[in-house]
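Per TrEMBL, the features are as follows:
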| type | residues | note |
| --- | --- | --- |
| DOMAIN | 43-294 | domain 'G-protein coupled receptors family 1 profile' |
| TRANSMEM | 27-50 | transmembrane segment |
| TRANSMEM | 62-84 | transmembrane segment |
| TRANSMEM | 96-124 | transmembrane segment |
| TRANSMEM | 145-166 | transmembrane segment |
| TRANSMEM | 204-230 | transmembrane segment |
| TRANSMEM | 242-264 | transmembrane segment |
| TRANSMEM | 276-296 | transmembrane segment |
Amino acid sequence: MQPHTPNWTHVTEFVMAGFAGAHEARFLFFTLFLAMYLFTLVENLAIILVVSLDHRLWRPMYFFLTHMSCLEIGYTSVTVPKMLAGFIGVDGGKNISYAGCLSQLFIFTFLGATECFLLAAMAYDRYVAICMPLRYGALVSWGTCVRLAGACWLVGFLTPILPIYFLSQLTFCGPNVVDHFFCDVSPLLALSCSDVTLKETTDFLVSLTVLLVSSAVISVSYGNIVWTLLHIRSAAERRKAFSTCAAHLTVVSLFYGTLFFMYVRTKVASSINFNKVVSVFYSIVTPMLNPLIYSLRNKEVKGALSRAFSLKSWKGQ
């Protein structure tokens, strides 16, 4: 049995391998991801601005939507700028300190978990609006919305504390090249000299709890919505009612589909390259698509955007 050596950890920084196999196309990838990142920032900031300025959108559904846009901005900003720096070879662009790596993973997990619970809160809002419209004002008051949003952010913040603590207890004494474009769990565990069984188990249980609790709320909400819609005789009324939650259901399908695939697994030896592709989808592509889904399928958001950015609107002011 080896003696305990608390100073065994020699790694003080990590190097992001990024998309090492795409070196020749790095400028193409840089341009593509930069365009996607900037587009994500612009469209999410536009939604926040429009909802804040247009009193017609001062309703619970759009209150939650602004929180979602804030999450999308943070979600991409915590990973994409560092990845872009690595593409163009900025000095130290691929390097990240040990503390910085853990901080990046903490914030990324925090925002991801918060989004899970926020999507559940939005599903509850749609459930009450469709299934109990006469009690909507009482059940989904502004006070309730603020408390729900606050709870989502709080529980999301608490989610990564235990996993990050166990990660900080692992020893990293060998190679320091993280085969990913950000500090994700699987490639970090692959570099550890310690037994990662406890860490893997903790990650699995925490991830599964977050996904099951939030998806259970969403499933129950939509189960009741479907049951209510089936009892509406008018096809036009059914379509109108369903159209109010179609965008949310699409976003839920995209977000949870990739998360269930990525984080309920425990094997470190899974395909890293395939994990990168899936990570790009949920950390870059999905945040870019979500505002489009909400705006293109929502006449009120499209109308507000049109009023806010039309020349006539500005002249009227």
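Every residue, even glycine, has its Cβ placed from backbone N, Cα and C.
All TrEMBL annotations are machine predictions without curation.
Between the transmembrane segment (145-166) and the transmembrane segment (27-50), the number of CB pairs under 8 angstroms, six or more residues apart, is fewer than three, so the stretches are not in contact. Note on the transmembrane segment (27-50): residues 19, 57, 65-66, 69-70, 72-73, 76-77, 80-81, 83-84, 87-88, 284-285, 287-288, 291-292, 294-295, 301, 304-305, 308-309 of its chain, located 6 or more positions outside it, place their CB under 8 angstroms from a CB of the stretch.
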